[in-house]
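TrEMBL has this to say about the protein:
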| type | residues | note |
| --- | --- | --- |
| TRANSMEM | 21-39 | transmembrane segment |
| DOMAIN | 26-477 | domain 'Major facilitator superfamily (MFS) profile' |
| TRANSMEM | 82-99 | transmembrane segment |
| TRANSMEM | 111-130 | transmembrane segment |
| TRANSMEM | 136-158 | transmembrane segment |
| TRANSMEM | 170-188 | transmembrane segment |
| TRANSMEM | 200-222 | transmembrane segment |
| TRANSMEM | 284-308 | transmembrane segment |
| TRANSMEM | 320-342 | transmembrane segment |
| TRANSMEM | 349-373 | transmembrane segment |
| TRANSMEM | 385-405 | transmembrane segment |
| TRANSMEM | 426-446 | transmembrane segment |
| TRANSMEM | 452-473 | transmembrane segment |
Amino acid sequence: MAGPVIVATGVSKTYPGKMTLYVFLTCLVAATGGLIFGYDIGISGGVTSMRPFLHKFFPSVERKMDADKSVNQYCKFDSVKLTLFTSSLYLAALIASFFASTVTRKFGRKISMLFGGFVFLVGAAINGFAQNVAMLIIGRVLLGIGVGFANQSVPLYLSEMAPAKLRGMLNIGFQLMITIGILAANLINYGTSKIKSGEGWRISLGLAGVPALIITVGALFLPDTPNSLIERGRDDAAKEMLRRIRGTSDINEEFSDLVAASEASKSVEHPWRNILQRKYRAQLVMAILIPFFQQLTGINVIMFYAPVLFKTIGFGDNASLASAVITGVVNVIATFASIFSVDRVGRRFLFLEGGFQMLVSQIAVGTLIGIKFGTTGVGTISKGYADLVVAFICIYVAAFAWSWGPLGWLVPSEIFPLEIRSAGQSINVSVNMLFTFIIAQIFLTMLCHLKFGLFFFFAFWVVVMTIFIYFFLPETKNVPIEEMVLIWKKHKFWGRFIADEEVHIEMSNGKPTDA
């Protein structure tokens with residue numbers, strides 16, 4: 001059966017809408033779903049560098065740490081069980097995101113957030129009281145289910161609630177909360193590592209329940225988005241909600257477009273099948289390649305294993321965690337830069353500038369480490385030299401934080417038509433989690449074999465993804481979310497996949513409205 005006609009009414013028009021206190025607070029609460037993901041990213045790397053944690057669960061790694069200092073610095077932390085602990089969360093999140101798609105579409109975005117927060121809370125409790133590796137893994141799997149549901153629903157929620165001209169800023173609130181979660185985890189690890197009883201790691205893991213509680217309670221009070229209400233047949237409630245979040249009664253035009261999009265959506269019984277249709281080729285490619293590229297920037301090498309990495313290049317235990325805190329602060333500050341610029345300079349500019357900056361800093365870090373450790377992995381570095389490495393790492397983190405970090409979640413969440421939006425976001429999350437899992441699982445082995453060349457490996461991929469963005473991603477800033485099809489129709493490459501009869505454009509002065 002042929003898919004529905006894509007409904008669009010011209011991206012040149014502007015819906016009324018402003019930043020109301022209600023929409024700001026609503027998006028702020030929803031964005032806290034990013035805290036659980038960020039906290040886990042930060043906490044796992046710090047905990048795996050704590051000796052009491054390694055002694056209890058991964059004694060073989062501790063023995064390598066205590067080995068003679070001449071041992072290959074690149075291979076000290078290579079442990080299958082240790083990487084399984086870190087990466088099991090992301091495999092669970094991958095699988096959970098597919099179930100989250102159905103829940104998000106049939107029951108609403110807030111239900112997915114509520115469920116995700118609750119399951120994450122249970123996982124945090126199990127990890128905090130863990131007595132063996134099995135309990136650790138079970139807890140991590142539950143954390144992964146929570147992350148899968150939250151990451152699937154929160155970006156969609158933010159994109160649907162925000163006015164078009166503020167969508168980038170409000171959606172990046174999700175990434176901001178991720179960075180705040182990472183920073184909080186780094187600070188907590190720094191403090192708990194000093195607890196003399198050696199039980200500090202339990203506090204670090206157990207405190208993951210705090211951000212989980214925030215999103216769980218917050219979701220109870222969140223309203224549904226107008227798109228979700230219309231999708232579930234509650235048109236009157238959707239109209240009232242649209243008035244409230246736009247701060248005006250002049251919402252008839254936007255409401256009509258949402259209803260039209262919903263009608264198209266209701267005619268789609270199998271969104272997973274429809275998303276494979278030719279006319280959705282551009283969105284499908286973006287939902288696969290953007291999260292794929294996001295993981296191949298190398299950011300998780302820094303954030304997962306920042307303490308391990310700094311220790312590998314010669315820092316002591318405390319300096320290791322302190323350096324991770326430094327990168328966490330840079331991450332938060334740079335994300336604010338993205339928030340205030342994304343709707344002004346656009347998505348493409350940030351992608352391209354960030355790619356260039358990441359490339360330069362990765363080459364610098366790889367060269368600096370290569371000079372000191374070479375291919376043998378044996379060597380020591382001075383404090384000044386180590387500080388230089390950290391400086392370039394911070395430059396890299398800043399570039400990611402205002403480009404591929406937030407935009408990797410923003411762009412996929414805003415480009416899909418309603419009928420395949422939940423399925424599209426699930427693909428985005430699942431690809432993201434799949435390659436996060438793969439990178440987390442093989443990073444330490446890659447470090448052991450590629451050595452400082454690992455940074456050049458990721459630098460190569462940064463070149464590839466920057467070229468991809470330049471040629472294949474059109475600018476999406478200030479485009480109403482239900483009008484996005486015209487951007488793809490006008491693109492030199494993607495336009496060939498969308499037939500003219502599949503796009504309905506309202507007439508303005510007797511002519512089709514120009515995108």
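Glycine is no exception: its Cβ is also placed from the backbone N, Cα and C atoms.
Fewer than three CB pairs closer than 8 A are found between the transmembrane segment (385-405) and the transmembrane segment (426-446), and contact between the two stretches is not assigned (pairs 6 or more residues apart). Residues 26, 29-30, 32-33, 35-36, 38-40, 43, 46-47, 50, 52-53, 110-111, 113-114, 116-118, 120-121, 123-125, 127-130, 139, 143, 146, 150, 157, 181, 184-185, 188-189, 191-194 of the same chain sit 6 or more residues outside the transmembrane segment (200-222) yet have a Cβ under 8 Å from a Cβ within it. Looking at which of 111-130, 349-373, 426-446 has the most CB pairs under 8 Å to the transmembrane segment (82-99), the answer is the stretch 426-446. Between the transmembrane segment (452-473) and the transmembrane segment (349-373) there are at least 3 Cβ pairs closer than 8 Å, counting only pairs 6 or more residues apart in sequence, which means the two stretches are in contact.
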